[in-house]
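K.L.:
The feature signal peptide is assigned by Swiss-Prot to 1-18. Residues or ranges marked as topological domain 'Lumenal' in Swiss-Prot: 19-200. Taken from Swiss-Prot, the feature domain 'MRH' covers 19-166, and the record attributes it to sequence analysis. Summarising the annotation, Swiss-Prot assigns disulfide bond to Cys21-Cys59, Cys71-Cys78, Cys135-Cys164 and lists sequence analysis as the type of evidence. Residues or ranges marked as region 'Disordered' in Swiss-Prot: 162-196. Under the heading compositional bias 'Low complexity', Swiss-Prot lists 182-191. For Asn189, the entry in Swiss-Prot reads N-linked glycosylation site. Look at Swiss-Prot and you will find 201-221 tagged as transmembrane segment. Marked as topological domain 'Cytoplasmic' by Swiss-Prot: 222-276.
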Amino acid sequence: MVMLGQVVALAMASSAVALNCKNHNVLSNYNVANKDILLKNELDTPPSKTSEMWYLAPCEDGSRRQRPSECSSDDLMCAIRHVKVDGSDHLTQKLDVHKSAKYEVEEVESGGFDIRFLGVKWGSNTIDATLSYSCDTNLKTDELVTTIWNSEYVLIEMSGPSGCKRDGNSDSGDNGNGNGNGNDPDNNNNTGKDKKSKKTSWFTWLFVYAILFTVIYLMVVSYLNTKGGSFQDFRNEFVERGTEFITSLPTFVKEVVTKTLGTRDSSASRGGYSAV
């Protein structure tokens, strides 16, 4: 019974900690999936020089190509601090966040997201470690912005492509709403195009129907006038009436436009006055 309880507990732990970014409801929208990052920072701490190295591979299903030899293969995050003084190099601090760590993921309103590892053991201390990603489309690789490392918590702020939403979800491409309209969250651009397309389609069909009805009318009239005659008679009648219609069409259109504009001008000239 005790062994069964241990097996169940182990299964629950492993299912709770697997951070598969490609299938995560938040991280799958960002460029962090399948990436590992190696960041370095040097501080002038007289009389010594302090160098920090941060290895970040928060996605368990991601790459481990940049992992330094000091970090474990199952690390989701690894921090190493060296101090150089009097020509000698000393490893003073090391933090490992293994894939067994619990985590929280939260999107940031200003853009990007945070991954927070909870209850990480660091010697006798239990701390939280936060990876904060922000988007910068001008950068090709992620750059370190701020680091805080003390006995209570660790904070690493980065800026670069990992904090940007993927193509089809990015703010620059679809505002994160997945409709591919960039800075047009209400789909106004597509709406305008749809309206224009509908107007064009409506006019095209109106023109087609007008031509169709005209041809039918000419055929009916030509048939009635040549009823009992030969096909050649019908053809000659149809061609003659069609030619007359085409030649008279400009005059007809001009007359309609003149009458329409004349009516409007007449109405406008009497605007504001009433009959006495």
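Glycine is treated like the rest: Cβ placed from N, Cα and C.
Bear in mind that the values here come from a model prediction, so they are computed numbers and not experimental data.
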K.L.:
Any residues 6+ beyond the ends of the transmembrane segment (201-221) with a Cβ under 8 Å from its own?
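P.N.:
Same-chain residues near the transmembrane segment (201-221) but 6 or more away: 238, 241-242, 245.
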K.L.:
Across all the protein chains here, work out how many other Cβ atoms are within 10 Å of the Cβ of Cys164 (disulfide bond).
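P.N.:
Cys164 (disulfide bond): 25 neighbouring Cβ atoms within 10 Å.
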K.L.:
Tell me the Cα distance separating Cys21 (disulfide bond) from Cys164 (disulfide bond), rounded to the nearest angstrom.
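P.N.:
Cα-Cα, rounded: 14 Å.
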K.L.:
Going by DSSP assignments with H, G and I as helix and E and B as strand, what are the residue counts for the domain 'MRH' (19-166)?
P.N.:
9 helix, 84 strand, 55 coil
K.L.:
For Cys71 (disulfide bond) and Cys59 (disulfide bond), determine the Cα separation and express it in whole Å.
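P.N.:
Their Cα atoms are separated by 15 Å.
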K.L.:
Looking only at C-alpha atoms, tell me how far Cys21 (disulfide bond) is from Cys135 (disulfide bond), rounded to the nearest Å.
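P.N.:
Cα-Cα, rounded: 17 Å.
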K.L.:
For the C-alpha pair, I'd like the distance in angstrom between Cys59 (disulfide bond) and Cys78 (disulfide bond), rounded off.
P.N.:
13
K.L.:
How many neighbouring Cβ atoms, not counting its own, are there within 10 Å of the Cβ of Cys135 (disulfide bond)?
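P.N.:
So the Cβ neighbour count for Cys135 (disulfide bond) comes to 23.
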K.L.:
Give the distance between the Cα atoms of Cys78 (disulfide bond) and Cys135 (disulfide bond), rounded to the nearest whole Å.
P.N.:
22
K.L.:
Need one number: mean pLDDT over the domain 'MRH' (19-166).
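P.N.:
Mean per-residue confidence for the domain 'MRH' (19-166): 89 out of 100.
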K.L.:
Is it possible to get the count of other C-beta atoms within 10 angstroms of the C-beta of Cys71 (disulfide bond)?
P.N.:
20
K.L.:
Starting from the Cβ of Cys21 (disulfide bond), draw a 10 Å sphere and report how many other Cβ atoms land inside it.
P.N.:
22
